[in-house]
Amino acid sequence: MRIIETVSEMQQQADDWRRAGKRIGFVPTMGYFHEGHLMLMRKVRGEADMVVASIFVNPAQFGPNEDLATYPRDLDRDLRLAGEVGVDVAFVPQVGEMYPDGYQTYVEVTKVTAPLCGRSRPLFFRGVATVVVKLFHIVKPHVAVFGEKDYQQLVTIRRMVKDLNLDIEILGHPIVREPDDLAMSSRNKYLTPEQRPLALRLSRALKAARARVALGERNGSVILKEVKELLDAGGEVRIDYAELRDPATMEEVGSMDGPSLLALAVFVGTTRLIDNCILRPAA
């Protein structure tokens, strides 16, 4: 596996591959890999001739009081794991390479970014959209894969690609879970042994909602009331949001007449965790 650190070298490699008729697959990451990341790489490996994974902790998507300084990092391990799953190039730029002195251009996707994470993290999606469109221009992929745990992010990227006429296929990959059903996340590392059981309320709340819908419940308020009661059952858990949204538009859903995104975000202690599922009412 080749390691590339500069924009110019990555662009040159991408140009060489494209001239040779190679299909480029891409997985953008912030590193500290878990099985979820590796599943994305395996998926794109089956979709492309050459695979690039980027490792870049993007400062533009962190707010002033968020965990940029403490976000977990282990580059040597990440590079080893990426090589083992068949990544051809790891693109590992420094902050100054992506945002040199004088940088002043940002990409903003409206509407789909307004609720949920966009409401509680106002700079997040501007930072995500900006870095992803930059990476697309640098890596020049034909196809890119994103995890569905960050469902609103996936919708945002698809909207951006459509609106900016980018010729890139965007694929989603289902949430990958730990054996205890906690959605895999680099931030799970922050949880203490005492907090881990509290974090499992997320997946339990999703299961309860699915069961409610399977029994015929269509009233969003009823479903959300039960979900919030399960999440807010004492201990150091604070709900950021628990909402039903249209999976394509991110508009709020009251009565479920079709598939609906149940999106959850909670703080367990100081660690913010997200999870989601698509609720599908029976016809």
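For all residues, glycine too, the Cβ spot is worked out from N, Cα and C.
The feature ATP binding site is assigned by Swiss-Prot to 30-37, 147-150, Val176, 184-187. Sequence-distant neighbours of Val176 (ATP binding site): residues of the same chain at least 6 apart with a C-beta under 8 Å from its C-beta are His34, Glu35, Gly36, Met39, Gly147, Lys149, Ala183, Met184.
According to Swiss-Prot, the active site, proton donor annotation covers His37. Shown in sequence order, Val27, Thr29, Ala53, Leu81 are the residues of the chain, 6+ apart in sequence, with a C-beta less than 8 angstroms from the C-beta of His37 (active site, proton donor).
When secondary structure is read from DSSP and collapsed to three states, Gln61 (beta-alanine binding site) falls in the helix class. Within the same chain, residues at least 6 positions away in sequence whose Cβ sits under 8 Å from that of Gln61 (beta-alanine binding site) are Leu123, Phe124, Phe125, Arg126, Gly127, Val128, Val131. The beta-alanine binding site feature in Swiss-Prot is assigned to Gln61; the stated evidence is sequence analysis.
The (R)-pantoate binding site feature in Swiss-Prot is assigned to Gln61, Gln153; the stated evidence is sequence analysis.
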Within 10 Å of the Cβ of Glu148 (ATP binding site), how many other Cβ atoms are there? 19
The one of Gln153, Ser186 whose CB sees the fewest other CB atoms within 10 Å, among these binding-site residues: Ser186
Please report the number of other Cβ atoms within 10 Å of the Cβ of Gly36 (ATP binding site). 21
